[in-house]
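Engineer: First the structure, which I've put down as structure tokens, then a few questions once you've had a look.
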């Protein structure tokens, strides 16, 4: 459910009238300000900062489990392949992608290179190189949340013009893996660096080894898990739940529900943006230490309901994002 100061569905007059553009604001994002306020009142919060070494064995275990499942399912019937591909493959590959998110913040090892290597390891079963590229763009999402021309987490203008009906919004959810992979590199390309070449080389090599020694269906299982796990999957609801403006003028939302177990607690998203140096295992303590800053914020307990409302409510869509003018010259430059 959606906890807010008003019942859902929301009063339509509270939303910008145009569905052909984003909600433009000239205010700064709230997280830096709230972080200062919380630290001034709860200085003990800094004790939560720092790496979480348990991420390492979890990632290794999940990678091995996913490869074993790919080997086991390679000669099974279609129904078993599809069910396991969705339930197990989709969930595990989604979890491994969120491990890459955790590692992009250098929250496992103190040495950044070790975090990159583990992120690449987590990237292997997903079949598509993404870990290092994601890190480069994700840091900008935190530093320049909603800023036009920088934060590529926000849909493009083409997306808001095309995916507006319930059927097309459902298709948009299904295609989320493609949008998250292609949108940054197409709209704001960066020159590849050393670690991107390492990432791409190792993932491609892993795909070839899986194909050679486990078979084509094993590789298909891994790729299928990535497609469904990051698309129409209950755990993937966080892509919409985190920053889509379901409540006017609120651009970040937390989720307190069972999917956090599989998602490295990414549901604690207000807490994460307020304190990106706090690892997944200690994010819940942020809210416990400073409940007065979080209890009255809109939040969710069901990703499925979030996705349902996103698809069915005509007042919600890819346009439901808060966007800020570019920091370069102060002019709007639509993505």
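Placed from the backbone N, Cα and C atoms, the Cβ positions cover glycine too.
Keep in mind that TrEMBL annotations are predicted by a computer and have not been checked by a curator.
From TrEMBL, for reference:
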- 17-55: domain 'Sphingolipid delta4-desaturase N-terminal' (DOMAIN)
- 55-72: transmembrane segment (TRANSMEM)
- 78-96: transmembrane segment (TRANSMEM)
- 117-137: transmembrane segment (TRANSMEM)
- 162-182: transmembrane segment (TRANSMEM)
Engineer: Is it true that the transmembrane segment (55-72) and the transmembrane segment (162-182) have 3 or more CB pairs under 8 Å, sequence gap of 6 or more?
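Structural biologist: Stretch pair does not touch.
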Engineer: Given the model, what does the mean pLDDT over the domain 'Sphingolipid delta4-desaturase N-terminal' (17-55) come out as?
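Structural biologist: For the domain 'Sphingolipid delta4-desaturase N-terminal' (17-55), the model's average pLDDT rounds to 92.
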Engineer: Would you mind splitting the domain 'Sphingolipid delta4-desaturase N-terminal' (17-55) into helix, strand and coil residue counts from DSSP?
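Structural biologist: Tallied per class, the domain 'Sphingolipid delta4-desaturase N-terminal' (17-55) gives 18 helix, 3 strand, 18 coil.
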